[in-house]
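What TrEMBL annotates here:
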type: REPEAT; residues: 8-42; note: repeat 'PPR'
type: REPEAT; residues: 113-147; note: repeat 'PPR'
type: REPEAT; residues: 148-182; note: repeat 'PPR'
type: REPEAT; residues: 218-252; note: repeat 'PPR'
type: REPEAT; residues: 253-287; note: repeat 'PPR'
type: REPEAT; residues: 288-319; note: repeat 'PPR'
type: REPEAT; residues: 323-357; note: repeat 'PPR'
type: REPEAT; residues: 358-392; note: repeat 'PPR'
type: REPEAT; residues: 393-427; note: repeat 'PPR'
type: REPEAT; residues: 428-462; note: repeat 'PPR'
type: REPEAT; residues: 463-497; note: repeat 'PPR'
């Protein structure tokens, strides 16, 4: 009898294995249920194997069902199955079940393997559960789960993303102290995070400064540092890093050169930019459309749009590197010089060359024609925009509202604002401020205050500019009590009124009090 039941168990296992290999999971579930309800004895290993199968096939509800079923039988998962289960649940963000599994493991004196530990930590940082992620880390370490370099990479990246730079640096130092040799991945996480937070000196000191000769740094680290120093205006430091990377066998690539090119063009160092382009070509690095667009930007910043246009035709078009950004750059430059008709000619030209204008193109042109009073052309462009299926965005609407408000055309500005809302585009605080500014200047402070109330009910929070505009308008209309209440609200939100407006308000209150006496 015992031999027959053992044979039955082997038969069930063979049938389940065959169905799983064929991908017939539902059939395998049916056979497993049949096995557990039969007279043959089922072991913990059977549940471990089958739950592992269900996890691999993302059948987490069924895996949970059998997990709860095995407990009353006195069975438990082995650490490997627990770890795979937790890793799988991270894919579907089932935090409640993960907590149950971790608590059960803790009760059994088990720990997830480093793979599951890192996957879970990474998910917590992605979900911005920073404090809880650190609690999990310290708890696991206290129980004996030693972190690895991947663990530190996840934590440092997550903390930098959350702008907790001091904490990230502490973990970096802890990692070094524990004898871990940082690899290129964790070094990149630290450098990118710190540089994005404006801490380029610290990023340099902790990596190239301290780890020189110990870590083989990749291009991304060098490029990030070079970009960081360029943005800080420290070109000598950026060039020194370029020399260092070459000495260490890492040649600058297109991105490296584009970073320097951007620096030169932003600073209108056109001769240096042109020399850099020639040097790139000589060294076999072919400039891309970004490279050429940077040079266009530099020429336009130097008020040389005609030269930029010729460069675009003679150099970029020949290499088929023209795009909408190229045209937008020059169109904007002509508009800034008041040469809107020339800009419009380029708009028509780009369409002939089958380069589709985007919302930026239309924003630049419509704003320029409104500024010069050519509202008929602006209306024509708006109709063209809609006819071409180019959808306006918040920036487009805000730009138009701001211009109309400043021009005293508050009725039109309000109409455009309502159109933005009707189109399903949620105004932000800048959009509201543009219209509030126009209403206050048009002596319609009551309407501006109504808009202030509306923006808050719709989830847009007023900023310092909002309060300054409204308080200034209330002072002009001698509504000083309301202005004072608004000032109190402003301070409650942590904003301060600038000296000019606060002094004006205080003088107005004092004058009113003297007049009353």
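Yeah, the Cβs are placed from backbone N, Cα and C, and that goes for glycine too.
With DSSP classes pooled into helix, strand and coil, the tally for the repeat 'PPR' (463-497) is 26 helix, 0 strand, 9 coil. Sequence-distant contacts of the repeat 'PPR' (113-147) (same chain, six or more residues past either end, CB-CB distance under 8 Å): 79-80, 82-84, 86-87, 90, 93, 98, 106, 154-155, 157-159, 161-162, 164.
Counting residues of the repeat 'PPR' (288-319) by DSSP class, helix then strand then coil, yields 25 helix, 0 strand, 7 coil. Listed by sequence, the residues of this chain that lie at least six past the ends of the repeat 'PPR' (463-497) yet keep a Cβ under 8 A from its Cβ atoms are 429, 432-433, 436-437, 439-441, 443, 445, 448-449, 452, 455, 504-505, 508-509, 512.
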